[in-house]
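J.: Sharing a structure below in structure tokens format, with a few things to ask.
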Amino acid sequence: MRYITTPIYYVNDVPHLGHAYTTIIADTLARFYRLQGHETRFLTGTDEHGQKIEEAAKLRNSTPQEYADKISFEFKKLWDEFEITYDIYARTTDTRHIEFIKAMFLKMWQKGDIYKDEYEGHYCISCESFFTQSQLINDCSCPDCGKQTRILKEESYFFKLSKYQDKILQWYEEKDPILPKNKKNELINFVQNGLKDLSITRTSFDWGIKLPQEINDDKHIIYVWLDALFIYVSSLDFQNKGENAKFWPAHVHLVGKDILRFHAIYWPAFLMSVDLPLPKFIGAHGWWTKEGEKMSKSKGNVVKPKEVVDAYGSEAFRYFLLREVPFGNDGDFSENMLINRINAELSNEFGNLLNRIIGMSTKYSQGNISKEGVLKFYNAELNQAKEHLNLAVEFLENLQCNRYLEELFKALSVANLAISKYEPWSLIKENKHEQANALVALCANILAKTSLLLSPTLPKSSQKVALALNFEISSANYTKMILDNELLDFKANPCEALFPKVEKALLKQEIKEEPKKEESPKIKIDDFAKIEIKVAKVLDCQNIEGSEKLLKFQLELDDKEIRQVLSGIAKYYKASDLIGKQVCVISNLKKAKIFGHESDGMILSAKSGDKLVLIAPEQLVQNGSLVG
């Protein structure tokens with residue numbers, strides 16, 4: 001049995017390229033497992049609770065439920081256009097899920113894994129997550145999305161995440177569940193640095209699931225991530241031992257790299273707490289840019305999946321996303337690269353091979369293609385293609401989607417090269433009809449086997465090949481043609497071009513929008529006067545062990561005062577390059593403890609896009625000079 005899930009997508013905005021990528025990978029896997037004969041369930045859906053949804057609904061003069069219904073419908077509509085064959089469309093507002101999450105919360109509470117306390121810290125509304133000071137970028141920005149965090153203080157229930165630290169590390173070691181493999185070390189380092197207990201309720205908004213009645217505390221809403229993760233189980237009707245309950249645990253959770261921590265640390269701990277088995281694999285993919293730039297409305301470079309599909313078709317888009325980038329790496333969307341893939345691979349290698357087979361078989365044997373003679377004349381080519389096909393299966397099972405497609409097109413190349421090498425038209429002229437017909441049969445069998453394995457990614461095109469050669473894409477033929485490596489006879493039928501050549505770019509260019517500037521709240525001059533900014537000289541600067549972001553400065557403000565200040569600029573500056581330079585520092589902030597080190601002040605910097613520069617006097621001035 002195979003159970004595949006995408007994340008349930010947050011409905012604060014319409015579907016984007018990242019959503020499409022995850023879902024197309026999941027759909028390819030689900031189709032592949034069905035083709036292999038596995039009983040399969042594929043879940044996708046929408047995450048509809050939380051502060052972001054509440055605020056987005058208010059902006060649109062809508063209730064949260066009305067807003068969630070609208071965006072959830074947009075996701076379903078897009079997945080239909082992409083040929084997505086999900087079995088379960090899950091929503092966190094479903095009554096069955098709400099009752100299940102309350103039962104799970106109560107079970108954790110009764111086990112002693114939940115306790116009540118007070119939390120104060122940096123909270124990112126966009127990511128619905130708390131962060132420690134040491135995790136922040138530039139002292140106040142979210143490390144995941146880059147948006148400014150808020151200091152939030154509220155009563156909260158906490159989950160004893162720290163209790164499961166060793167068990168999570170043991171799971172990584174014994175089961176090796178993280179794909180791609182290089183992501184595992186990042187998680188191990190994070191967990192080994194120490195897991196803090198997790199705040200799992202909120203009181204600052206209303207849109208969410210209330211605590212179980214047994215706990216008798218109506219103020220609290222269950223944390224959106226605790227709510228959302230358990231939908232993978234609740235949607236199988238697990239609590240009622242429904243028909244789909246047997247599919248747990250999941251074979252693979254597919255996620256973007258930004259939410260790997262939630263799935264690979266929080267989720268296994270939650271499952272351990274309620275005594276449920278853990279998923280077999282968690283696969284984390286990268287992000288997408290457009291032509292080397294981060295996508296944003298202000299740049300006018302947002303790739304809208306529906307527009308790409310309308311212009312080039314869902315199959316070309318599905319193929320491009322999976323073929324273009326290794327799973328786990330960041331990808332770059334380029335319309336020119338999409339066109340190149342269509343013309344060079346889908347049209348030339350794939351579609352043109354079908355045209356050649358139909359043309360030759362019609363001309364040489366009235367469309368009848370017999371496997372007789374293939375092993376006699378072309379056994380080497382057949383074995384070469386078989387190696388590529390077997391590798392393709394292996395790569396897809398390990399989520400290496402680009403390598404899977406690469407190997408399939410190498411198999412097609414074996415057939416195309418065989419035609420060029422042996423020239424069936426020349427064989428016919430030499431009266432070598434048996435060898436010529438065997439060559440056509442070799443190519444037809446390679447194309448049929450390849451199309452069978454391409455069908456999870458290109459379902460419509462593969463079906464056209466099956467109709468043109470008169471065979472069936474089925475689990476029975478997977479066993480016969482791939483596992484048993486049998487050859488088939490075919491009857492060729494006329495077929496339209498699978499992928500016509502694309503002569504010019506078809507996407508409309510977006511008009512660049514002027515970025516909307518958010519007005520900061522006005523302050524009085526008296527308030528500003530309270531801030532003391534001084535010039536200081538960097539006497540020493542060092543990296544902090546265990547942190548990729550923090551630098552530790554020893555600053556001289558005047559002859560008598562030396563201060564230690566921490567700043568999250570290690571990604572932008574080398575520590576040794578800053579020694580001897582002057583910087584500007586807010587000198588009258590309360591002392592803070594960051595990553596176990598005292599920090600007495602804040603070094604000023606300016607950030608523009610991906611660049612950050614320190615604020616410094618234009619000319620050398622006396623240390624301790626006031627700015628302002």
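Cβ coordinates come from backbone N, Cα and C, glycine included.
Taken from Swiss-Prot, the feature Zn(2+) binding site applies to CYS124, CYS127, CYS142, CYS145. The ATP binding site feature in Swiss-Prot is assigned to LYS297; the stated evidence is similarity to another entry. Swiss-Prot lists 527-628 with the feature domain 'tRNA-binding'. Residues or ranges marked as motif ''HIGH' region' in Swiss-Prot: 9-19. As annotated by Swiss-Prot, motif ''KMSKS' region' applies to 294-298.
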J.: Using all protein chains in view, find how many other C-beta atoms are within 10 Å of the C-beta of CYS127 (Zn(2+) binding site).
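T.: The answer is 21 other Cβ atoms.
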J.: Please average pLDDT over the motif ''KMSKS' region' (294-298) for the predicted structure.
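T.: Taking every residue in the motif ''KMSKS' region' (294-298) and averaging pLDDT yields 66.
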J.: Residues of the same chain, at least six outside the motif ''HIGH' region' (9-19), with any C-beta under 8 angstroms of its C-beta?
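T.: 44-48, 50, 52-53, 56, 67-68, 71-72, 74-75, 78, 256, 287-288, 295, 302-305, 333.
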J.: Relative to the Cβ position of CYS142 (Zn(2+) binding site), how many further Cβ atoms are located within 10 Å?
T.: 20
J.: Three-state secondary structure of CYS127 (Zn(2+) binding site) from DSSP?
T.: coil
J.: Could you tell me which of these binding-site residues, CYS124, CYS145, has the greatest number of Cβ atoms within 10 Å of its own Cβ?
T.: CYS124
J.: Count the residues of the domain 'tRNA-binding' (527-628) that DSSP assigns to helix (H, G, I), to strand (E, B) and to coil, and report the three numbers in that order.
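T.: So the counts come to 7 helix, 46 strand, 49 coil.
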J.: When secondary structure is assigned with DSSP, how many helix, strand and coil residues does the motif ''HIGH' region' (9-19) contain?
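T.: DSSP classes over the motif ''HIGH' region' (9-19) add up to 3 helix, 2 strand, 6 coil.
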